[in-house]
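The following features are taken from TrEMBL:
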| type | residues | note |
| --- | --- | --- |
| DOMAIN | 24-282 | domain 'NADH:quinone oxidoreductase/Mrp antiporter transmembrane' |
| TRANSMEM | 60-83 | transmembrane segment |
| TRANSMEM | 145-166 | transmembrane segment |
| TRANSMEM | 173-192 | transmembrane segment |
| TRANSMEM | 198-216 | transmembrane segment |
| TRANSMEM | 236-258 | transmembrane segment |
| TRANSMEM | 270-288 | transmembrane segment |
| TRANSMEM | 315-337 | transmembrane segment |
Amino acid sequence: MFHSYQKLFFLILLMSIIFQMSSLSWFSIWMMMEMNMMSFIPFLTFSDNQLYNEGSMKYFIVQSFGSVMLLMGWMISTFTFFTNFYFENIYYMMLYMALILKMGASPFHFWFPSLMNNLNWFCSFLLMTWQKLGPLMMLSYVNQLMIMLFMSSGLSALVGGIGGFNQTNLRMIFAYSSINHLGWLMICLILTETIFIFYVSFYFFMMILFCLIFHLNMLSSLIQLYCFKSLFMEKYIIMINLLSLGGLPPFSGFFLKWVVLNELLMEKMWMMSLILLVSSLMNLYYYIRISYSYMMFSSMNMNLINFNLNNFNKFFISIILLIKMIGIILIPLGMWMY
């Protein structure tokens, strides 16, 4: 799967986030973020396709601009004559904008779907999951100007819900879904660490499952998915997990969103609860539409693409599904105990 040099970069990619989570200074956190960026770019350039090279350049420019904003904000905060309230707010505004840009959250989300459209499923998985952990951890350390985090969370949830409509490319659909879930994750940061860990774990396993199936069968559009030749059980694997990702009860995705909304209502955050609920319904709508069309088309004589899984991949997917099924029971129980 990897070339020899990519194994090294993959190790750096993993360790940079781990070191970033354990760092005690802003400078070391920034340095780990730069190492993470430079180790991810080789995966984007592993092709002769010009779109991949364009995507790597786009990612580099966006991340570099975010890093410059971080450095400028930290420089402002260190100058003694910038210690008044006005310049302190400028520092936190630049910090929030830089991290939101790096994650691809709204209103700085425009680069994220276009980049996802040019990537393979492995890079898409990393971009939707692992690459967001660093900025999210940094956001958890900041407790000033929380209104900006609330605004970005609400906008991300709405943009992710609306942007998925009328999309026929699977990567674009999952890109907007990732923006939607990013809004929920930022709200989880504001609430409690326990809910955040539950939500990240759920989303991580869901993306592993979908990206693995789509990668092994070279699926990139809804038309290919509808013409996907699969057994009865595989159809329901894809359909049930799509609905769980959208938050349909009684699946584990519903219980996580229910807990988040319950916490928001207990904190009397009515408007944010309404925004997240509406965005989740929009997200669920196009997942239901995809699932319904997939079941209808795949039952017709349009099976052109075989379900390509060997025994190891079937075992791996079965383990993920088992974890998800256990999560349907354990997540409500754990949240009730919490």
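One is the number of the first residue shown, and numbering goes on along the chain from there.
Just so it is clear, glycine is given a Cβ too, placed from its N, Cα and C backbone atoms.
Note that TrEMBL annotation is computational and uncurated.
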Contact set, same chain, for the transmembrane segment (173-192): CB under 8 Å, 6 or more residues outside the stretch: 103-106, 109, 112-113, 116-117, 124, 128, 132, 136, 139-140, 146, 149-150, 152-161, 163-164, 167, 199-200, 203, 207, 210, 222, 245, 257, 260, 263-264, 267, 272, 276, 279-280, 283, 286, 290
Most Cβ pairs under 8 Å with the transmembrane segment (145-166), selected from 198-216, 236-258, 270-288: 270-288
